[in-house]
């Protein structure tokens, strides 16, 4: 009974994909295909578990809050001991569609990314070894990892793999714009449509394209006119040492951009209208009129998709053997 | 069609209540009866919304984490600017059953309690006025409050009322112990039953009784033998100035005690076995044997009930008018 249903679903998805205008620079977000539910459930627990931090207080969800567009809505994040992070937390939503992770792309994929904050002294302030020790001390975690990975010992590779598997489910299909792309011509109003036309005509789609409306290239922030910022981040140049890579950052996705303020790598702009104005001037040398900005912003708000919906995970309790959190030392 | 179903449900609950042995000092937890679903949903959003804090980072759920037994599993909580809280965060689970709120009972009920942390400079570090300003700037919140309270302006009374309504749903029925109480004699094993018998015989039920297994009286911590602690909290004496009230604290609920470590008002004990040993010595003048401690602990673990299960709430986005969070100043 189950297989024919899956087949029908798969045919529906294909039909929808065909319905999307092939000449548009933006493609609809595809729903997540979960192949290993147990791994996703384990990853979800880990994503919400603050015991992966030294303090026992900070989880992945602290800065990539799934109640708030997968971001923390702060210019830069609060880390261990209330340290101020160096850069704006990118949304975890649709992050599986990025060509690489972090603003400078220093992690190839979500699995590699997931290990970063755990061991970063400015963020979760822990070590991979200690995080694994915590998980290994909890019988329910041992059981879940064994079920998913078939090994007797937990290692950091399994931890980051499970977190990445959960994050891959965090896509936001069925936005009003995607409904329009798939053929529902009533899904957008006149201003939103005009905004989309402007978005293409002005040249935004040169970088903000594909299903994530971004996330698939590195570009210089301040191409036509330099970007004025207090933030010392150098972008890709921080990795390559190449002058040509200075201020080159991964183009952020514009999916759910209404939810992921403040904007840019320094989180300096809180209003989407202002961010649109700045981008048009600095990247494209265009001074947009207020009405144009309002229309593009109206279009951008149609990119808010269905937010991931799931029950808050319940975490297995620590045991007498679990290393204790160290919030204040 | 709907009413007869509700009636049947109500009859079932009554039948279960009758099935509980009337001569036991502990009664089963009753499931929550939601009379105003819209208010509960609004309260759930507020409970998870870090914009009720100055930093935009700390929500009710930060220290009463519903993934972790409604507590933060820290000796004392982390507040604004990583300040160390003065006392262990009590669980929010079944807190509607407490005779009063906070360890010293200084809030009469959940509604009064909910306003405390928002405005406490050591906790969320905000003010009631600013918190209301934030909510008032968000159209979806304005709409939800109007729907629930029928007024054009949000005030702190509505905010704390909605949070309290959500918290009232956070009960944990159907623990194995409650199944046993309701007549399922196979719900507990021999050691757990022996532990319950000891729990009564030794005298724990003098204070830990009722459906919350505590929460219904204030008692002196260190009745027979003084409690050694670095924590300066004076209990009820801090409110009354009465010497007789020194070290008098609200007896904590033992429901879900397996999940709410570390224990006591100073969070000094991480292992339930040790906490049982300390309580028996200091409150009852009894030195328990290891086996007795193990049996009582086994019984206590049968008090873990069904954890509240609900979809992670999605929060409405801020607007250009929303006061910005101030995490670092």
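Cβ atoms here come from the backbone N, Cα and C positions, even for glycine.
A TrEMBL annotation is a machine prediction, not a hand-curated record.
On its own chain, residue B:60 (heme c 1 binding site) has B:46, B:47, B:48, B:52, B:92, B:114, B:117, B:163 as residues at least 6 apart in sequence with a Cβ closer than 8 Å to its own Cβ. The feature heme c 1 binding site is assigned by TrEMBL to B:60, B:63, B:64, B:80.
Under the DSSP three-state reduction, residue B:208 (heme c 2 binding site) is assigned to coil, being neither helix nor strand. In sequence order, B:199, B:214, B:251, B:254 are the residues near residue B:208 (heme c 2 binding site), counting only same-chain partners six or more apart with C-beta under 8 A. Annotation source TrEMBL lists heme c 2 binding site at B:204, B:207, B:208, B:279.
Summarising the annotation, TrEMBL assigns domain 'Cytochrome c' to B:38-146 (among others). Each residue in the domain 'Cytochrome c' (B:38-146) gets a DSSP state, and the totals come to 51 helix, 6 strand, 52 coil.
Annotated domain 'Cytochrome c' per TrEMBL: B:190-304 (among others), in sequence order.
Taken from TrEMBL, the feature signal peptide applies to B:1-19.
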Annotated heme c 2 contacts B:204, B:207, B:208, B:279, maximal Cα-Cα distance (Å, integer):
11
To the nearest whole angstrom, what is the C-alpha distance linking residue B:63 (heme c 1 binding site) and residue B:204 (heme c 2 binding site)?
28
Restricting to the chain of residue B:207 (heme c 2 binding site) and a gap of 6 or more, list residues whose Cβ falls under 8 Å of its Cβ, or answer none.
B:214, B:217, B:219, B:251, B:283
Count the Cβ atoms, other than its own, that fall within 10 Å of the Cβ of residue B:64 (heme c 1 binding site), considering every protein chain shown.
23
Please list the DSSP helix, strand and coil residue counts for the domain 'Cytochrome c' (B:190-304).
51 helix, 9 strand, 55 coil
Just counting, how many other CB atoms are there within 10 A of the CB of residue B:80 (heme c 1 binding site)?
20
Long-range Cβ environment of residue B:204 (heme c 2 binding site), under 8 Å and at least 6 residues apart:
B:279, B:280, B:284, B:296
Distance in Å spanning the most remote Cα pair of B:60, B:63, B:64, B:80, given for heme c 1:
15
Taking the centroid of the Cβ atoms of B:204, B:207, B:208, B:279 (heme c 2 site), which other same-chain residues have Cβ within 8 Å of it?
B:199, B:203, B:205, B:206, B:214, B:251, B:254, B:283, B:284
